[in-house]
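Copied from TrEMBL, the annotated features are:
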BINDING   Cys134, Asp136, His193, Cys196  Zn(2+) binding site
COMPBIAS  1-23  compositional bias 'Low complexity'
REGION    1-27  region 'Disordered'
REGION    70-96  region 'Disordered'
Amino acid sequence: MASMSSSLSRDPLSSLSPLPNSSKDYSKVASGTLTFSGYRSTLSKVEEAHLRIASSFGRNPKSRLEASKEPLGLTQEHSSTELEQQEKPGGSLDPFSPLKRRFLRFKREQFLENQVRFKDLAEAQEPKFLVIACADSRVCPSAILGIQPGEAFTVRNIANLVPPFESGPSETKAALEFSVNTLQVQNILVIGHSRCGGIRALMSMQDEIDANGSFIKEWVVIGKNAKLRTKDVASKLSFDHQCSHCEKESIKQSMMRLLTYPWIDEKVKNGFLSIHGGYYDFVDCTFEKWTLDYGWSSKDDSGLLTKDHSFWS
């Protein structure tokens, strides 16, 4: 009986009325159906509400979709409020409560209001952008640029780096191949940002040997040319200012490394693909954007020329 009580305490319905771990706390066990004290009145009200909604379907076919959404929304709101008030053992709030609340708001205000659009997205995606952004928690392309579902294929890594074509496999290279060759995006946007920890780690390294044994350092060393160019032109500046300079220089270097991928270079040359850089300063909330001028750029580290430079503030 102790084992049965333990399993009952884990029953999903236990959230309706907490059950002490005792055999006398359930009133009836018959034919495989358990009826718990305190449940019957609650369940009866729910069943009555469902029956009223179901009986209206035949009279008004148009109400079927709305009827199916309304009780769901009410239930979600109720559950969300309850979760916000609940605390985890030890007095700490459940960290998933705000996430659930935001998800339910998204479903109510976006998904249910745009079901045709989301149905189309469920069948296929045709994004116009590949966005390569930093994994920094303060930099969310969807939030700062208002990117909507289906608009951009996004890959995020430390310091928003693009590895050269000749290097080994990586998730960024797989994303490049899939988005350019399969999804046939028309734009690649590399987004860097202020106070980047990955760039700071790069600038703090003494040499490439220092990278051995650290996954982070072995990754950020991809941007070593940006560091070298920064040291050449900004060596007299403070370390913080050197990091700021390197953040933008690294974006340019990644833009140039994109051209080392044959299928990217071919599409850019033929006008089917454009490469852009972006820099988000989350201190002042500004955004710089520029586009690679392929016709006047060379493929070495010093040959990047840009056009359509704009500053959003």
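Indices start at 1 and increase along the chain as displayed.
Glycine is treated like the rest: Cβ placed from N, Cα and C.
Since the structure is predicted, the reported quantities are computational estimates derived from the model, not experimental observations.
Here the features listed in TrEMBL are placed on the structure.
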residue: Cys134; record: Zn(2+) binding site; Cβ neighbours (10 Å): 24
residue: Asp136; record: Zn(2+) binding site; Cβ neighbours (10 Å): 20
residue: His193; record: Zn(2+) binding site; Cβ neighbours (10 Å): 23
residue: Cys196; record: Zn(2+) binding site; Cβ neighbours (10 Å): 24
So which other residues, same chain and not among Cys134, Asp136, His193, Cys196, have a Cβ within 8 Å of the centroid of the Cβ atoms at the Zn(2+) site?
Ala133, Ala135, Arg138, Val139, Ala159, Asn160, Gly192, Ser194, Arg195, Gly197, Gly198, Ile199, Glu247, Tyr280
